[in-house]
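Annotated features in Swiss-Prot:
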{"type": "BINDING", "residues": "24, 56, 57, 58, 80, 81, 82, 113", "note": "5-amino-6-(D-ribitylamino)uracil binding site"}
{"type": "ACT_SITE", "residues": "88", "note": "active site, proton donor"}
{"type": "BINDING", "residues": "127", "note": "(2S)-2-hydroxy-3-oxobutyl phosphate binding site"}
């Protein structure tokens, strides 16, 4: 028997979300998108546009351009940055996360990250299976964070407009 469905709060105004997904390790990263879309719909985020970029490094520029259009009330980024043995992958990951934070602070459009950087990732079926499951969990978590933040911002902006905050 399934547990009763949870009724999530509804938004006062329609929300439109951009989901920017890196194609590097697509079979892993797309699990976040699939889980996000399902959870987002349950949370009344029904307008989601999906954009693909080659890798995680390309996500911040796309996020910034999308934020500047003012079409989107939120942007979600998903990618996998792994140690390929040549470059210091944590520098790439750090740069991407800082750039995403800069985008949201400059544009006041919230940006959520499901860009993950495991300490170890080996191209074995065991690691692929683990990270597919992990990205599915992160997809749900980022949908929860997105919906809750948008509800909070909607409330806060209403209070600011009313002179309460």
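Each residue's number is its place along the chain shown, starting with 1.
Including glycine, each Cβ sits where the backbone N, Cα and C put it.
Each of 22, 55, 59, 79, 92, 93, 96, 115, 117 belongs to the same chain as 24, 56, 57, 58, 80, 81, 82, 113, is absent from that list, and has a C-beta within 8 angstroms of the C-beta centroid marking the 5-amino-6-(D-ribitylamino)uracil site. Residue 127 ((2S)-2-hydroxy-3-oxobutyl phosphate binding site) and residue 56 (5-amino-6-(D-ribitylamino)uracil binding site) are 19 Å apart (CA-CA, integer value). DSSP assigns residue 113 (5-amino-6-(D-ribitylamino)uracil binding site) to a strand in the three-state reduction. Summarising the environment of residue 24 (5-amino-6-(D-ribitylamino)uracil binding site), the number of other Cβ atoms within 10 Å of its Cβ, over all protein chains shown, is 17. Across 24, 56, 57, 58, 80, 81, 82, 113, which the record gives as binding 5-amino-6-(D-ribitylamino)uracil, the greatest C-alpha separation is 16 Å. Nearest neighbour of residue 127 ((2S)-2-hydroxy-3-oxobutyl phosphate binding site) by Cα distance, taken over the binding-site residues 24, 58, 80, 113: 80. Residue environment of residue 82 (5-amino-6-(D-ribitylamino)uracil binding site) contains 22 other Cβ atoms, counted within 10 Å of its Cβ in all protein chains.
Comparing Cβ neighbour counts within 10 Å across the binding-site residues 56, 113, the minimum falls on 113.
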